[in-house]
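Peer 1: In case it's useful when we look at the structure, here is the feature table from Swiss-Prot:
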{"type": "ACT_SITE", "residues": "ASP92", "note": "active site, proton acceptor"}
{"type": "ACT_SITE", "residues": "ASP272", "note": "active site, nucleophile"}
{"type": "BINDING", "residues": "ASP92, SER93, GLY94, GLY95, PHE96, ASP146, GLN195, GLY222", "note": "substrate binding site"}
{"type": "BINDING", "residues": "CYS310, CYS312, CYS315, HIS354", "note": "Zn(2+) binding site"}
{"type": "REGION", "residues": "253-259", "note": "region 'RNA binding'"}
{"type": "REGION", "residues": "277-281", "note": "region 'RNA binding'"}
Amino acid sequence: MLQFDLLKTDPSSHARRGQLTLNHGVVQTPIFMPVGTYGTVKGVMPRSLQEMGAQIILGNTFHLWMRPGLDIMQSFGGLHGFEKWDKPILTDSGGFQVWSLGAMRKITEEGVHFASPVNGDKLFMSPEVSMQIQTVLNSDIVMQLDECTPYETNGHKTTEAEARKSMEMSRRWAKRSSDEFQRLGNPNALFGIVQGGMYENLREESLQALVEMDFPGYAVGGVSVGEPKDEMLAIMAHTPHRLPAHKPRYLMGVGTPEDLVQGVADGVDMFDCVMPTRNARNGTIFTRYGDLKIRNARHKTDHQPLDPSCTCHACAGTSGVSWEQGGRDGFSRAYLHHLDRCGEMLGPMLTTIHNLHYYLNLMQEVRNALEAGNFTEMRARFKAERARGV
């Protein structure tokens, strides 16, 4: 099931405040969804995710099909029982991962033939197979199988003709995904994915075709795939707000804090990205006042937490009181710099907790601003604070 209630709109942008009801719970939008590729958000316990305000997380259809496999997943009743997460889950279709295999795969109208990256077995992914896998996973939101249109094809920018061919196949796969989803009697919700590369006319065609299929929700795919930032922003400005207003809109794989706030202004309700978790493991920390590189030697003796305004466990400890509010229970930059230098696993665990908390809290601030009718002021303050630097 899926029910989307549009609660409030912003008069000066396309931003919306909504509520999404799914089989495993209610999600307040706009929302950021942490990525749990292999059935876990790397380095974070489910309890910690709930404490920091995560309402819905992602799982990766392709990787969970490879390992542990459908037999094991089915024995646990799906992904929720396997990873002990009782809130909603969205699974991608596996299309992006198959596309990423490059020379190891062959895409045809029927589907994708590829060699398993785990053991080399010859495998086949089709819209029908993707729906069958995601039905076993029992995710609340299922994504159609699509072909991710690359920004470059054979060393040149993907032409309009190449993008059209890819988009039209994704459109046909959307229909096959929908037919199989219904045949299986899946009780969850299937989203269609708008493709078309960097060509607005193709995006418009894809969008209209998917709207005619009447999916419960829609995603904008094929962005953040190597294109220049200005071209990504142009697609964000063009496509999301043209999707049906009474259904949720999901921007796949985006992005920085600035991208999220801009995406909300462009009419997006749902975001996911590996950036907060991956960057945390590589020493880049997102803070209210800009990005911090914890490996920089200047943090070696710094007593401040990662973000003096933050109330996450890394920055505020068990008290939950930020440094700016007088709290001194959080871990210092000096300590986290030390953990990183020594390769201690606690380091990336704490920085991941912080980065995810930052993203989730940013979305809470956006929701609060939309409810209060001051989203424009919130955006201006956000930009000014992020530009200040740490």
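Glycine is no exception: its Cβ is also placed from the backbone N, Cα and C atoms.
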Peer 1: In the same chain, who gets a Cβ under 8 Å from the region 'RNA binding' (253-259) while lying at least 6 residues past its ends?
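Peer 2: Cβ under 8 Å, 6 or more out: 96, 221, 223-225, 232, 236, 271-273, 275, 286, 358-359, 362, 382-383, 386.
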Peer 1: Tally of helix, strand and coil residues over the region 'RNA binding' (277-281) according to DSSP?
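Peer 2: Per-class counts: 5 helix, 0 strand, 0 coil.
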Peer 1: So of all those recorded positions, ASP92, ASP272, CYS310, CYS315, HIS354, which one's Cα sits nearest to GLN195 (substrate binding site)?
Peer 2: ASP92
Peer 1: Cα of CYS310 (Zn(2+) binding site) to Cα of GLY222 (substrate binding site): how many Å, rounded?
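Peer 2: If we compare the Cα positions of CYS310 (Zn(2+) binding site) and GLY222 (substrate binding site), the gap is 33 Å.
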Peer 1: Express the distance between the Cα positions of GLY222 (substrate binding site) and ASP92 (active site, proton acceptor) as a whole number of Å.
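Peer 2: About 13 Å separate the Cα atoms of these two residues.
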Peer 1: Sort the recorded positions ASP272, CYS312, HIS354 by C-alpha distance from SER93 (substrate binding site) and give me just the closest.
Peer 2: ASP272
Peer 1: Using the centroid of the Cβ atoms of ASP92, SER93, GLY94, GLY95, PHE96, ASP146, GLN195, GLY222 as reference, list every other same-chain residue with Cβ within 8 Å of it (recorded substrate site), in sequence order.
Peer 2: TRP99, MET143, GLN144, LEU145, GLU147, CYS148, SER170, ILE193, GLY221, MET252
Peer 1: Quick one: Cα separation, GLY94 (substrate binding site) versus CYS312 (Zn(2+) binding site), in Å?
Peer 2: 33
Peer 1: Here are the recorded positions: ASP92, ASP146, ASP272. Which has the lowest count of other Cβ atoms within 10 Å?
Peer 2: ASP272
Peer 1: Looking at the recorded positions listed here (ASP92, GLY95, PHE96, ASP146, ASP272), whose Cα lies nearest to that of CYS315 (Zn(2+) binding site)?
Peer 2: ASP272
Peer 1: Got a sec? Which of these binding-site residues, CYS310, CYS312, CYS315, has the most Cβ atoms within 10 Å?
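Peer 2: Within the set of binding-site residues, the most crowded position is CYS315.
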